[in-house]
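Data first, discussion second: the structure below is written as structure tokens.
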Amino acid sequence: MTKITVVGAGSWGTALAMVLADNGHDVRIWGNRSELMDEINTKHENSRYLPGITLPSTIVAYSSLEEALVDVNVVLLVVPTKAYREVLQDMKKYVAGPTTWIHASKGIEPGTSKRISEVIEEEIPEDLIKDVVVLSGPSHAEEVGLRQATTVTSAAKRMEAAEEVQDLFMNSYFRVYTNPDIVGVELGGALKNIIALAAGITDGLGLGDNAKAALMTRGLTEIARLGRKMGGNPLTFAGLTGMGDLIVTCTSVHSRNWRAGNMLGKGHSLEEVLESMGMVVEGVRTTKAAHELAEKMEVEMPITAALYDVLFNGNNVKDAVGSLMGRVRKHEVEAIPDLL
């Protein structure tokens, strides 16, 4: 039995805490809403973020980060990307020794455009890091909460670390593969949120299956193009954290990025969308970060650029579609010869 603290009591953090508790681990979960932590402890439910799911009674919730981290050497981080540095700066005051830092957040840090594993390594002293591991893949919290079959990937620079995390999570409904490509796994999970927003817009506009299939396929090309430029393995983007996560996020009503895009496609403003969602829509921030990375690294990402103009420059969604369809003619694979 391993002592694990889950930092972040949203839908995904709560669902992963349930998986770990089902596997017999000593699981604690931290959140900054004391009333929510009380509900988890007394009613064994997170009615705000994972309603209708009865959680294992062995999960203990804390609103004090210091108390949640006592005698723990494995932490699972599931917080919004913009909150990572602040949370990590608090955590390092209470972590006692070498710790395995797992993160399951899908995004890029706003402002720096850094991957989350890079942020962890910057903020946490070396003597407090045993390993940094990424857990990512096609996985809706609502389905994991119902214990429906789900498959994800554990990635780390040291394969033994990825395998240790694989063993922590594996059970009859939650299967984990390993991958040494931490860069590709992180980028696949983050960048697919951009395409999910665009897919939602496509559906909101009623453009049909042909357009959505084209968007997803060309979107994957953009993900792989930037990912390869940043050092990711091209094969990773054809796997669970690339194509797999893209499919589930672009086609399901569970996806908050798809839902946000759908509202944009139906004519709502970005402000209206974000206010109505009530939860973080990582794709919005990731679009800005990816657009900045693409310009800096001179990588062609036309879908990302068009979405950036819709979100941040006030462009009309129909005009964005027209601009993409009117681009100069190209061979399908001419832009990614280094991936073949």
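In case you wondered, yes, glycine gets a Cβ from its N, Cα and C as well.
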For the NADPH site that Swiss-Prot assigns to S11, W12, R33, K106, A141, V280, E282, which of the candidates R85, R158, R256, R259 is also assigned? R256
Going by the sn-glycerol 3-phosphate site in Swiss-Prot, where K106, G137, S139, D245, S255, R256, N257 are listed, which of the candidates K192, K212, K296 is also part of it? K192
S139 (sn-glycerol 3-phosphate binding site) versus W12 (NADPH binding site) - Cα distance in angstrom: 9
For G137 (sn-glycerol 3-phosphate binding site), which of the recorded positions R33, K192, R256, V280, E282 has the nearest Cα in space? K192
Those binding-site residues of S139, D245, S255 having Cα within 10 angstroms of E282 (NADPH binding site): none
Select one residue from V280, E282: among these binding-site residues, choose the one with the most other Cβ atoms within 10 Å of its Cβ. E282
